[in-house]
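Listed in Swiss-Prot for this protein:
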BINDING   LYS20, SER21, ARG25, SER166, GLN168, ASP312, LYS339  3-phosphoshikimate binding site
BINDING   LYS20, GLY92, ARG120, GLN168, ARG343, ARG385  phosphoenolpyruvate binding site
ACT_SITE  ASP312  active site, proton acceptor
Amino acid sequence: MKLRTNAGPLQGTIQVPGDKSISHRAVILGAVAKGETRVKGLLKGEDVLSTIQAFRNLGVRIEEKDDQLVIEGQGFQGLTAPCQTLNMGNSGTSMRLIAGLLAGQPFSVKMIGDESLSKRPMDRIVYPLKQMGVEISGETDRQFPPLQLQGNRNLQPITYTLPISSAQVKSAILLAALQAKGTTQVVEKEITRNHTEEMIQQFGGRLIVDGKRITLVGPQQLTAQEITVPGDISSAAFWLVAGLIIPGSELLLKNVGVNPTRTGILEVVEKMGAQIVYEDMNKKEQVTSIRVVYSHLKGTIISGGLIPRLIDELPIIALLATQAQGTTCIKDAQELRVKETDRIQVVTDILNSMGANIKATADGMIIKGPTVLYGANTSTYGDHRIGMMTAIAALLVKQGQVHLDKEEAIMTSYPTFFKDLERLCHD
């Protein structure tokens with residue numbers, strides 16, 4: 001598709017879709033809680049729909065009623081063996097978390113994904129789940145999908161130190177631990193997003209978080225809840241950056257989730273000189289509205305414990321850095337290389353093809369700015385965040401056209417992205 005270029009100031013108010021991480025977990029925990037769970041504000045992107053379909057195939061009744069998702073949970077004993085392969089589409093979250101959940105079930109399943117997911121390593125969940133007594137395997141020593149899993153009703157608790165910073169691996173182990181008899185401990189390298197821990201507690205589960213150590217004694221039963229999903233900060237990040245780098249812009253991003261394990265991008269842009277104001281902050285619910293205006297920015301260093309708190313926002317932060325004065329250095333982000341694409345290389349290649357000055361490193365990027373961006377032929381390579389980054393970059397282009405292939409990938413997390421973009425350009 002041909003992207004909009006040479007945009008004037010962006011003006012208006014936007015409500016971004018529901019948080020993807022919370023939406024997945026609401027469905028997963030609701031499916032094994034006892035009773036009727038209702039979810040408002042659920043993200044209806046393709047990844048979450050993959051999770052919903054998986055649980056329907058596992059015998060859980062899930063319906064939409066009055067703009068809410070209603071899940072008839074039957075407890076951990078209520079799942080039934082699927083009659084077919086579970087297709088997780090493009091969703092690594094679905095595959096890893098559901099594998100953890102099914103670890104304690106007395107049946108076997110085969111889990112597959114699309115071409116992109118089939119290139120993402122699952123060894124990170126295979127090894128701890130095997131230690132708990134699950135028969136699970138993928139392709140080659142990296143354990144690529146498809147995954148074959150035989151659950152075990154007599155799971156063993158483990159103490160596991162994560163070799164990488166991954167909320168998905170942590171979550172897979174905790175979901176298995178809810179069904180294991182005894183004390184499971186997970187020790188993180190760096191603190192990652194904690195939605196699973198918070199939502200297990202919201203559903204009546206018990207665990208202890210002590211710094212980087214999470215302790216859970218199983219088995220436990222969960223109780224149905226009413227969940228309201230906040231706006232996704234990872235989706236809001238695209239408008240946040242657009243407002244900061246397009247001259248004359250002023251945007252209000254409504255009801256954005258600001259869980260502290262996800263707000264690294266806000267800290268980074270403020271350090272770079274961004275003018276942002278928080279309105280209607282609800283600290284208990286961890287939700288706020290964010291007013292953003294065009295700002296003159298300077299380069300910065302992004303590394304260490306900050307990386308897990310903004311890992312999904314790094315592509316759009318890289319674009320931001322191309323418009324900042326000076327050098328921005330991103331380090332310790334090698335996890336980007338095993339996302340939907342090798343995001344370090346793909347971001348570097350796309351933005352450099354548009355005139356940016358970026359050097360890819362083993363674990364990040366060195367970005368020199370500011371640079372003028374020009375038209376180019378690009379692709380999402382099947383990665384939703386790459387597609388949205390490119391669409392925001394195109395708004396800065398004054399010379400040439402920007403063509404984007406495989407734009408349908410954006411449906412993964414933000415089905416109304418282009419509709420919202422057009423509205424902000426016309427408000």
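From the backbone N, Cα and C atoms, a Cβ is placed for every residue, glycine too.
Structure coloured by features recorded in Swiss-Prot.
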residue	record	Cβ within 10 Å
LYS20	3-phosphoshikimate binding site	24
ARG25	3-phosphoshikimate binding site	25
GLY92	phosphoenolpyruvate binding site	20
ARG120	phosphoenolpyruvate binding site	20
SER166	3-phosphoshikimate binding site	22
GLN168	3-phosphoshikimate binding site	23
ASP312	3-phosphoshikimate binding site	25
LYS339	3-phosphoshikimate binding site	20
ARG343	phosphoenolpyruvate binding site	25
ARG385	phosphoenolpyruvate binding site	28
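Listed in sequence order, THR93, ALA167, ARG193, HIS195, ASP232 are the same-chain residues six or more apart from SER21 (3-phosphoshikimate binding site) with CB atoms under 8 A from its CB. Checking each of the binding-site residues (LYS20, ARG25, SER166, GLN168) against ARG385 (phosphoenolpyruvate binding site), the C-alpha distance stays within 10 Å for none of them.
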